[in-house]
Amino acid sequence: LLARISEWPFNAFALDRATGGRPLPTLCFHLFHQYGLMAHFHLDPVKVWKFFSLVEEGYHSNNPYHNAIHAADVTQAMHCFLQEEKVISMRCHLTPLEIAASLIAAMAHDLDHPGVNQPFLVATSNHLASLYKNASVLENHHWRSAMACLMESGMMDSLERTSAHELQRQIQSLILATDIARQQEFLSAFQGFLNTSSLDMQTGDHRHFMLQIALKCADICNPCRPWEVSRAWSLQVSEEFYRQGDLERRLGLPVTPLCDRFTSSVCKIQTGFFRFIAAPLFEEWHRFQATPLSWNMLNYLRSNKVIFPFSFFLLYFFFRYLYYLDAVDVVINGRLFFSLNGIPS
């Protein structure tokens with residue numbers, strides 16, 4: 001699997017199984033060697049492994065979506081983007097510190113995610129919402145958690161003070177850029193650069209902006225994966241939404257429409273996400289890159305957008321057929337996938 005780490009049809013679930021549930025440290029340790037970061041920063045392998053392990057342990061394994069497997073998937077996507085032609089030309093100017101910040105931000109971008117969104121934290125007066133004054137609550141928590149892991153592991157003890165501060169600043173900025181509430185802000189800025197052809201990769205701020213865009217693409221790249229992988233992630237993220245809705249119902253809070261398992265559907269959730277969030281960003285990413293990978297990603301996105309509603313349309317009638325055969329539940333891989341009692345007549 002690691003030999004195919006630069007190939008886009010990558011399955012993070014398979015990596016999780018192959019590594020015995022240790023996908024993140026295995027992947028990141030390999031990438032740090034591949035990019036020469038271990039040698040460049042004179043890193044202690046024991047401290048490096050400790051840092052990666054601390055980050056992995058910081059993810060909640062009971063989250064269906066925001067877990068260490070998702071972090072590995074995003075990190076692998078970030079690695080693929082760093083191999084792209086436009087980014088490779090940028091690599092002439094990218095520093096090892098910028099590459100390290102990009103990989104660390106990718107692996108830690110959802111660190112200690114509680115499995116609920118920011119509006120839920122605000123509505124329940126969660127301490128994180130109070131601490132970060134209801135602004136980019138989760139993202140602020142993620143980057144600060146990453147800093148805590150860095151300090152506890154001692155991985156960057158060998159860096160000079162100025163380099164350590166710069167690494168911290170870049171990780172913070174990259175992770176904060178993944179706030180979905182800032183999607184239009186970054187998309188408009190990206191379009192502005194492309195429309196005016198004003199991106200200058202010799203400029204540090206421009207390079208950093210493109211790394212922010214790359215991480216945003218990596219974070220939401222599931223619709224651009226091959227169908228089986230994309231579908232698996234769609235089911236996982238929808239289940240996490242539904243669990244939040246169940247919690248809201250138990251607490252007597254208004255149930256977020258997309259989180260209501262009784263009125264929403266996986267198809268509805270993903271179709272809207274594909275159309276309004278993923279497609280606008282990846283169309284601009286392809287306009288910037290215009291490479292076989294960006295074209296394949298766009299094709300996967302478009303085909304998955306068509307297949308998704310059709311596949312669930314077929315599943316509905318399959319379930320109806322089983323219902324008339326007096327079946328009660330559909331169980332897949334030992335898990336209750338669908339209760340036929342819930343199908344309207």
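First residue shown is number 1, and so on along the chain.
Heads up, the Cβ atoms here are built off N, Cα and C, so glycines get one too.
TrEMBL lists 1-311 with the feature domain 'PDEase'.
There are 21 other CB atoms within 10 A of the CB of ASP219 (AMP binding site), with all protein chains counted. The AMP binding site annotation in TrEMBL covers HIS66, ASN67, ALA68, ILE69, HIS70, ASP110, ASP219, GLN270.
Packing around HIS66 (AMP binding site) is summarised by its Cβ count: 23 other Cβ atoms lie within 10 angstroms of its Cβ, all protein chains included. Here TrEMBL flags HIS66 as active site, proton donor.
Feature annotation from TrEMBL assigns Zn(2+) 1 binding site to HIS70, HIS109, ASP110, ASP219. A C-beta separation below 8 Å, combined with a sequence spacing of at least six in one chain, links HIS70 (AMP binding site) to ALA12, ASP110, TRP233.
Just so you know, the Cβ of ASP110 (AMP binding site) picks up 26 other Cβ atoms within 10 Å once every protein chain is counted. As annotated by TrEMBL, Zn(2+) 2 binding site applies to ASP110.
Annotated transmembrane segment per TrEMBL: 306-323, in sequence order.
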- Task: State which of the following binding-site residues has the fewest other Cβ atoms within 10 Å around its Cβ: ASN67, GLN270.
- Result: ASN67
- Message: For a quick check of understanding: among the binding-site residues ALA68, ILE69, HIS109, which residue's Cβ has the most other Cβ atoms within 10 Å?
- Response: HIS109
- Query: Between GLN270 (AMP binding site) and HIS109 (Zn(2+) 1 binding site), what is the CA-CA distance rounded to a whole number of Å?
  - Reply: 22
- Message: Please compute the mean pLDDT of the model over the domain 'PDEase' (1-311).
- Response: 95
- Note on the structure: Those same-chain residues, other than HIS70, HIS109, ASP110, ASP219, found with Cβ within 8 Å of the centroid of the Zn(2+) 1-site Cβ atoms are HIS66, ALA71, VAL74, ALA106, HIS113, THR178
- Message: What whole-number value in Å do you get for the largest C-alpha pair distance within HIS66, ASN67, ALA68, ILE69, HIS70, ASP110, ASP219, GLN270, the residues recorded as binding AMP?
- Response: 22
- Item | Integer Å distance between the CA atoms belonging to ASP219 (AMP binding site) and HIS109 (Zn(2+) 1 binding site) | 8
